[in-house]
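For reference, TrEMBL has these:
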| type | residues | note |
| --- | --- | --- |
| SITE | E22 | site 'Interaction with galactose moiety of substrate glycoprotein' |
| ACT_SITE | E77 | active site, proton donor/acceptor |
| CARBOHYD | N96 | N-linked glycosylation site |
| SITE | N114 | site 'Interaction with galactose moiety of substrate glycoprotein' |
Amino acid sequence: QMRTTRKVSVWPVGLVGGRRYERPVVENGKVVGWYTGWRADRPFAIDMAGFAVSLQVILSHPKAVFKRRGSQPGMQESDFLKQITTVEELEPKASNCTKVLVWHTRTEKVNLANEPKYHLDTVNIEV
């Protein structure tokens, strides 16, 4: 699905942020918010594994940088994406962000400390 990215596309990521998944919330084909366990107030409350950027966008924004240092913790994605797009321009993939096709995995036990006690998302996603 990344191949069809025109500018910047987004999708859910499984096993991230202390939850089973995090995802962009999509209404009528547009991203309108974020289902996340941490700082939903971020401009782009998304994990690094949850977006793709077309090469054309990278080439047309030569000063855009992904900072290893200088960003607040958890703000690297937002700091980068703010330089190249807006939330309104995001292209939802994975059936309007209702399917997990990417997992944020590590070689450690999964931590679901931020998983809500009761299902709070508007869709039921299998992880």
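Cβ coordinates come from backbone N, Cα and C, glycine included.
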Report task. Counting Cβ neighbours within 10 Å across all chains shown, tell me which of the recorded positions E22, E77 comes out on top. Result -> E22
Requested in this report: Out of the recorded positions E22, N96, N114, give me the one sitting nearest to the residue listed as 'active site, proton donor/acceptor' by CA distance.
Outcome: E22
**Report entry** Residue among recorded positions N96, N114 with least C-beta crowding, 10 angstrom cut-off
**Finding:** N114
Query raised in the report: How big is the Cα-to-Cα gap, in Å, between N114 (site 'Interaction with galactose moiety of substrate glycoprotein') and E22 (site 'Interaction with galactose moiety of substrate glycoprotein')?
Result: 11
Query raised in the report: Roughly how many Å separate the Cα of E22 (site 'Interaction with galactose moiety of substrate glycoprotein') from that of N96 (N-linked glycosylation site), to the nearest whole number?
Result: 13
